[in-house]
């Protein structure tokens, strides 16, 4: 697997700093999401009570309607506030918020309190699931960034001192023993060893290094001992730039999302025209409500970014780095894949799969000739 890395810079440093110090969600976001989910769960409980009361208690329709109204009121306020705020920042989410708010108002007007409560509950749960996908992506990138936080044996004045990798500077000399993770990019000055580079290349075959060769942060020393001169640390390392690449992939919008957002305003206008036409043609408020509900682009809003983010996160957990959602979408058109290194899909050991002799040649004779050539070459 070939990995393309961006040039070093402040973006990589900022990405690692944000990932290592910032919480997954800001405190205000956690409180808002928690409040909306709590209200949705309370409303769902009230809806169950309303349904049970209506069908199990004789003449219980009035009480059931009152309880359903309370459930609808619980979840109405966050939806209406989100719809109002979306007017200042148009987006696909904003279109959904406004359509749900209109459907909610229409359901209230028609007296369908069950629908008025169910719609916001479904949207809130969907929003929580989407946030969970986002967090999964952040967790995968954070797990990568933690590989940069390790201990190093720094050589100074003839002695060895154990220091955090963040304390290393270019020019420092460090010692690597079997089992150590390389804490920074460097050049081998003494010793020989084998390194597991799977976290960087995806290839599990050990790589032998000797004086003059480069070691990269994230690799693991499987055997031997090395004395290494540090040349790059932290965000300036190859691994730091890979983390920056993942951060950029997480923040980038999939092309289909950008396309949908470009038509968001016109889509809302068309839906309102269709809903208004339904009302004038039939005078049926329930039919108008059905148009508004069916037109909510919930699936599009959740499917495009949610699927892309979840796929990038899962790929990262399996050691596959996808540069962005655009490249992920292009996989749908891929018909052939070429792997450029032995060990990516194989063990690196050759084996004979079969012999296909031509004309009158015998398979056994070909094997003897090939074995003789191999022995002579070796």
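Placed from the backbone N, Cα and C atoms, the Cβ positions cover glycine too.
The transmembrane segment annotation in TrEMBL falls on one of the ranges 231-258, 287-314, 315-342, namely 287-314.
From the options 263-281, 358-376, the stretch TrEMBL describes as transmembrane segment is 263-281.
TrEMBL lists transmembrane segment for one of the ranges 33-56, 153-176, namely 33-56. With helix defined as DSSP H, G or I and strand as E or B, the domain 'P-type ATPase A' (147-247) counts 20 helix, 47 strand, 34 coil.
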